[in-house]
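Database features, via Swiss-Prot:
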SIGNAL    1-32  signal peptide
CARBOHYD  N73  N-linked glycosylation site
BINDING   H154, H476  Cu cation 1 binding site
BINDING   H156, H202, H571  Cu cation 2 binding site
BINDING   H204, H478, H569  Cu cation 3 binding site
CARBOHYD  N259  N-linked glycosylation site
DOMAIN    288-357  domain 'Plastocyanin-like'
CARBOHYD  N303  N-linked glycosylation site
CARBOHYD  N311  N-linked glycosylation site
CARBOHYD  N400  N-linked glycosylation site
CARBOHYD  N467  N-linked glycosylation site
BINDING   H473, C570, H575, M580  Cu cation 4 binding site
CARBOHYD  N553  N-linked glycosylation site
Amino acid sequence: MMGENRARVVALVVAVVVVVVGVAGNVAAAQAAVTVADLQRVAGSLQMYVDALPQMAKIRGYGFQRGQAVPINLTIGMYQKTWKFHRDLPATPVFVYGQCPDSATFPGPTIMARHDVPLFVRWENHLPASHILPWDPTVPTAIPKNGGVPTVVHLHGSAHPPQSDGSAFAWFTAGFAEKGPAWTQATYRYPNVQPPGNLWYHDHALGLTRANLLAGLLGAYVIEKPEVDTPMDLPCDDDDLHLVIADRSFNVDGSLYMNSTGVAPNIHPQWAPEYFGEAITVNGKAWPFLVVHRRRYRLRILNASNARYFNVSLSNGLPIHVVGSDASYLSAPVTVSNLLLSPAEIFDVVVDFSQSPTAEIELLNSAPYPFPTGAAPGPLNGKVMKFIVQPNGPLDPPDNSTVPDHEVPYASVTALPPTTMTRYIVMYEYLTPTGQSTHLYINGLRLEDPVTETPKSGTTELWQVINLTGDNHPLHIHLGMFQAVKMQQLVNLQAFTDCMTAVNDAVKCNVDQHAVGPVVPVPDHEKTWKNVIKVPPGFVTSVVIAFKLVDTNQTYPFDTTAEPGYVYHCHILDHEDNAMIRPLKLLA
């Protein structure tokens with residue numbers, strides 16, 4: 001992403017002189033310089049496939065009364081503890097979610113919610129006075145006056161009231177001692193009114209999202225709807241597994257590594273445009289193994305990395321049957337040989353290990369980093385985990401699961417009422433004269449600037465997302481579900497970029513005369529209602545967004561117009577924190 005490739009497509013070059021001495025509250029700022037070679041030596045010293053893949057504890061997000069599912073209240077805390085990422089690595093200090101310190105895990109417990117049964121969660125901050133990782137006060141950041149680690153929880157992919165969205169400004173420190181300007185309540189309400197699917201929860205504090213997630217504040221969340229799920233006969237129980245993938249680098253003492261010096265330290269002393277770890281963890285273990293039998297397994301794969309894309313495939317060519325993406329099923333399964341996941345993206349897949357020609361299968365990664373034009377993965381970050389296939393035992397139950405020939409026929413984008421508004425969403429990156437990234441904006445605006453995206457609740461909009469940077473960006477829009485319908489390359493890109501740099505207006509810069517290049521088809525396994533879409537560089541990506549429930553075409557059963565509103569942003573966390581994020585305010 002850096003250097004000439006990036007320089008060709010940036011929207012503006014800036015030279016900013018900022019003098020910052022130290023990094024406030026940064027306990028790691030004084031660390032000796034650590035090189036990539038140092039990190040690779042630590043990661044390379046860890047033998048692959050010696051730790052079994054764990055499954056995180058499941059918390060049922062509903063109760064039962066007279067045989068009916070009913071709402072409940074949960075309390076989930078954030079704690080500092082140590083976690084063993086590998087047999088041969090010292091225990092690592094982490095921040096993690098759990099119902100108590102002893103049960104807190106990396107990633108956090110999986111919350112199993114029931115469709116149309118509200119869940120109330122009190123999120124409590126029990127973190128220490130200072131962070132375990134470096135952070136940068138020169139990007140827009142929640143900085144409490146009296147110390148502490150600001151946190152706030154966002155349920156990614158959920159339809160919920162604004163007060164429960166986890167606004168970046170709704171942060172709070174331990175014991176609610178200090179609270180951000182948008183903080184409203186300690187208990188969040190999740191109505192679970194949307195279609196069944198896979199979500200995840202994670203930290204969303206202003207300027208600290210990248211550090212807080214890197215430290216471990218993330219976990220899976222599932223909305224089940226038995227009348228939809230059960231008839232499909234997908235693999236279930238022990239054959240239904242989560243794979244939460246996250247790259248991490250480790251210091252020699254086992255602690256998590258995050259850079260202490262930025263790429264342009266005279267501007268941002270610590271911030272860097274992407275974090276790439278040398279070790280690949282799955283469910284909190286570095287390069288684990290999983291023993292499977294010759295039967296079908298359902299794998300809910302979440303890329304919880306800060307910036308790394310994963311293009312996963314099975315080493316023996318076994319096909320991957322995609323049945324869902326993010327928080328919805330597909331209308332019918334799609335079989336692929338490889339699967340590209342952006343950060344924050346989820347794919348729900350079935351793998352039939354009864355068809356495996358080998359007893360061992362590696363899950364491989366071939367995605368360049370940064371994506372799409374960076375370096376190819378090496379022998380460490382090119383491998384994810386191993387499956388060890390064993391024969392079925394005499395006591396194993398028969399495999400009655402299927403890959404269904406059809407799933408959930410949600411309304412297609414063409415069947416929805418016409419879009420009520422077309423908006424141009426432009427992604428910019430700003431560089432120093434020597435080509436170092438300083439910050440990223442959407443439409444040339446900051447999060448703190450006045451809101452410009454004000455859709456009406458219950459409507460459908462078309463967003464033309466223009467990417468003038470060198471990176472692919474995972475776009476996440478809170479509340480709404482959406483899908484890319486067209487990706488068209490821009491021609492005469494530099495001329496268009498120069499015009500946009502000058503006037504910041506796609507219509508005045510005649511975008512229609514530039515958006516005439518080749519059309520790249522949206523992959524079939526992404527043609528569903530999603531929570532993250534990939535926006536390729538140098539393209540206009542047409543995105544249809546439904547600000548309503550896509551399975552019923554009904555408006556939300558809560559007030560979407562309340563404060564503090566919602567946001568949309570790039571889900572490369574280093575970009576989101578500086579500051580590729582904008583407010584989204586729904587109107588009645």
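Count begins at 1; order follows the chain as displayed.
Just so you know, glycine gets a Cβ as well, placed from its N, Cα and C.
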Check: same-chain CB within 8 A of Cu cation 4 site center, minus H473, C570, H575, M580: M427, L440, I442, D471, P474, L475, H569, H571, I572, E576, I581
C-beta crowding around N400 (N-linked glycosylation site), within 10 angstroms: 10
Confidence summary (mean pLDDT) of the domain 'Plastocyanin-like' (288-357): 98
Subset of glycosylation sites (N303, N311, N400) lying within 10 A of H156 (Cu cation 2 binding site), CA to CA, in sequence order: none
Rounded Cα separation (Å) that holds between N400 (N-linked glycosylation site) and H571 (Cu cation 2 binding site): 38
Using Cα positions only, nearest of the recorded positions to H569 (Cu cation 3 binding site) (H154, H202, N259, N303, M580): M580
N553 (N-linked glycosylation site) versus binding-site residues H204, H478, C570, M580 - nearest by Cα: H478
Neighbouring recorded positions, C-alpha within 10 angstroms of H204 (Cu cation 3 binding site) - of H154, N303, C570: H154
Distance [Cα-Cα, Å, rounded] between H575 (Cu cation 4 binding site) and N311 (N-linked glycosylation site): 21
Residues near N303 (N-linked glycosylation site) in space but at least six apart in sequence (CB under 8 A): I245, A246, Y309, F310, L341, S342, P343, A344, E345, I346
Environment of H204, H478, H569, the listed Cu cation 3 site - residues of the same chain whose CB lies within 8 A of the CB centroid: H154, H156, D165, G166, A168, H476, Y566, V567, Y568, E576, I581
Three-state secondary structure, N311 (N-linked glycosylation site) (per DSSP): strand
For H154 (Cu cation 1 binding site), the three-state class that DSSP assigns: strand
Around the Cβ of H154 (Cu cation 1 binding site), the count of other Cβ atoms that are within 10 Å: 24
In sequence order, the recorded positions (N311, C570, H571, M580) whose C-alpha falls within 10 A of H154 (Cu cation 1 binding site): none
